[in-house]
Structure formats: structure tokens, C-alpha cells
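If you scroll down you'll find the structure; I have some questions about it.
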Amino acid sequence: MLVKLIKLCKYIDQFSFAALNVGMIFFASRFLDNSQAAKYIIINSYSSFSLVVIVSLVISPFWVFSVERKNQGYHYRLSLKLTILISFISATLLSSFMFYSEQDWRYGLLIFGLSVCYPLYDFLRRSLYIVKKEFISAILSALLLLVSTLSYCLMYFCGVREAGDYLSALIFIMSFISLIIIFINNKNYHSYPFEEDLKKILLEYWTIGKWSAASMLCFWIITQGSFIYLEKVIDNEQLVFTRLALSLAGIIAIYFSAVENKLMPEIRGIIYSGDSNLLISLWRSYFKNGLIISFVCTLFVILFYIIFFDINQYQLSIILLMCLYQSISGIFKFSSFHLKAKKLHRSVFFCNLISVIIVVLFYMDVGIDNSFSLPLIILANGIVSSLLYGYFLHINRGV
């Protein structure tokens, strides 16, 4: 019963954090005009870069090194400092670039604030898992979602129509809840005598996170960076609805992410046992369930779109393309899980890198003067990377 409750709390926490991003994008797309919605999306895309870096370089190693209770306090404080330092550096670079490009200091400050708050909150909510406070994490993430939603609704009914005002409110709410978690953690993470070699520990953090960071950077370039690059090239309608469609279709990705957390230990165990038949059976089950969930979620997203938006064939087509992207990326990701289980993280990175290069070169050749150029870039990357995962797994089958 306790194990089920812990799992439920983790799902509530993950769902609330994911729903925050999806819900805010939906709000901007539905209730703000296209120019303000586009500004909201671009700022959000910039700030997601820091989140990608922190998840790879700090959070993943923190989970590894916090297994032993006596080391938890030290690694929590080190990881918290690294999160603040790296996100601050990333935020400074991103906001400076934006100020240089747009000559808008408020634009730059918003990117700075979100680039610090998003990764900091993500690290802190996950840190509660280590000290068995999943229930608190679930409550605070649900509270963040609820308060942000109520604040956005209240601001809208008060006549606020500027994207920057909504983002400022989100930064304030997220910062306040982050401070609450820091206060809670100070009571739960205890320091024990621990011989530390900071240089060695930082090197180990880097060794664990570098390939994951490189892979996620490639993913960010296509799924977020393409919005930034094409902002001045494509019309606002394509930009806004592609981002909305990607967010709505993200419910498919949430399912596959949850499955990944469960499957990785199983795949590692099967690889060590050498039972290839069991691995094939696991893959077939994953593939079948993935198809069913993807189909059901796609229908749900389409119905959701039809209910909340006027029926528009162009926008509906973008929704379908993004659902197809999330479905293909998820269903064929088993090969990626297999490579990671074999500790071939470098191969996963090369799959993502080659995919980005192929897609970018192709669109440089054929051009992007197309009303579907942005969703097709994202879909093409999903297809190519999925094929490459299978190919790299094949050539490493003896490893």
C-alpha cells in the first residue's frame, strides 16, 4: 500500500509539473493574441535550455551519488550550489543574447528569471524523492499548478494581455515555492562526516552527465531551438500552434517517460542474464502498449482541440503531425533504452547529433518557405533519430 502511494505521489508530481508547462502554453495560445503568444513561447523556449543542462549535469549524478544516506547531505548542498551556478551562467548568456537581438531589457530579464527558476524548482522537487518526501513534492507541484492557473485567470479577467506580466507572476510563484522546499530540505538533509575530494566529485558528475547533456542539447535544438531560429521567418500562427500542438501531444511523451523509469532496470537485468527471448517479449509488449496509448491519446488531443478551438483544418493538421511525432519517438525509443542499458550513452548522442545534422542540411537545401515547415522539421527529426537508434543498436549487438 505504501509503495503504491509513493508511486501515485510521483505521478501526481510529474503530471502537475508537466501540466504547468502545457497549461500555460495552452493559455497563451488560446487567450492572448498571436504576437503576445509568440513572445510567451519564445521566452519559454529560451528558458528550457537551462532545464536541459541542469537535468543532465546535476540531477542525474545527484540521484546516483545520493544512494548512501551518509552522503546525501553533502551531495544535496553541492548539487544545489551547482544548479544555482550553472543556471545563473546559462541565464546570463541567454538573456544577454536576447537583449542584444531585441534591445528589450524586460524581455532579457524574463528569460533570466525563468532560466534560473525552472531548473531550480525541478531540482528541488526531485530532491524530495531522495528523503522519501514524495507526498510533499506532489502537494507543492499541485499547489504550483493551482496557484499559477488561478493567477493567470484572475489577471486575464482584470484585463492583463501582456505575455511578460503572466511570466513575471509565474517566476514569483515558482520562486516562493522553491524557497519553501529549501526550508524543508534543511530539516531533512543531514550532514555526516564525509571525506570530500571536490575535484574528483565534480569530474564524476561530468563523467555521468556529459553524454546525456549532449543528447538532450540535440533534442533541445530541434524541439525548442527551431522555434527561436524560425521566429522571424514563419508566421505567428504556425509558431504558436506548433508549440501548442507539441505541448498537447506531450501527454504521449509523459506516458513513455514514465515507462522508461520502470523499464530501464528491467532491461539491464535481462541484458546481464543474457535472456534474449525475454528481451524480445518485453519489446513486443512495449510496442503494442505504446501503439494503443498513442492512438487513445491522439484521439483525446484532437477532441480537446475541437472543444476549445474553432475547427480549422490547418491547425488540426499540425496537431496530427505533432501527435505522430510523439508517437513515433516514443514507440521506437525502446532501442534507445537498450543502448542506455548497455551503457552506450555516447552512441545515443551520435544518433541524436547525426539526426539533427541530416534534418538541418535537408531543410537548408529545400528551404523553409512552407506553412508546415516547423512541425515537419520536428517530425523528421523524430523519424530519423528513431531509425538511427535501431541502426546503432544493430551494429552494437555484440557489446
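Note that Cβ sites are derived from N, Cα and C of the backbone, with glycine treated the same way.
Since we're looking at a predicted model, the values are computed, not measured.
Taken from TrEMBL, the feature transmembrane segment applies to 12-29, 41-66, 78-99, 136-157, 163-184, 205-228, 240-258, 290-308, 314-335, 347-366, 372-393.
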Counting Cβ pairs under 8 Å that are 6 or more apart in sequence, does the total for the transmembrane segment (78-99) and the transmembrane segment (41-66) reach three or more?
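Yes, the transmembrane segment (78-99) contacts the transmembrane segment (41-66).
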I need to check the long-range neighbours of the transmembrane segment (347-366): which residues 6 or more away from its ends have a CB within less than 8 Å of a CB in the stretch?
211, 214-215, 218-219, 221-222, 336, 339-340, 373, 377, 380-381, 384-385, 388-389, 392, 396
So which residues does the transmembrane segment (12-29) touch in its own chain, when a touch means Cβ under 8 Å and the partner is 6 or more beyond its ends?
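For the transmembrane segment (12-29), the nonlocal Cβ contacts are 36-37, 40-41, 44, 122, 125, 134, 137-138, 141-142, 144-145, 148-149, 152, 156, 163, 166, 170, 240-241, 243-244, 247-248, 250-251, 254, 257-258, 308.
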Out of 205-228, 240-258, 290-308, which stretch has the largest tally of CB pairs under 8 angstroms to the transmembrane segment (314-335)?
240-258
For the transmembrane segment (240-258), find every same-chain residue at least 6 residues outside the stretch whose CB is under 8 Å from a CB in it, and list them.
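Residues packing against the transmembrane segment (240-258) from afar: 11, 14-15, 18, 21-22, 25-26, 28-29, 34, 37-38, 41, 45, 223, 227, 290, 293-294, 297-298, 300-301, 304-305, 315, 318-319, 321-323, 325-327, 329-330, 333, 374-375, 378.
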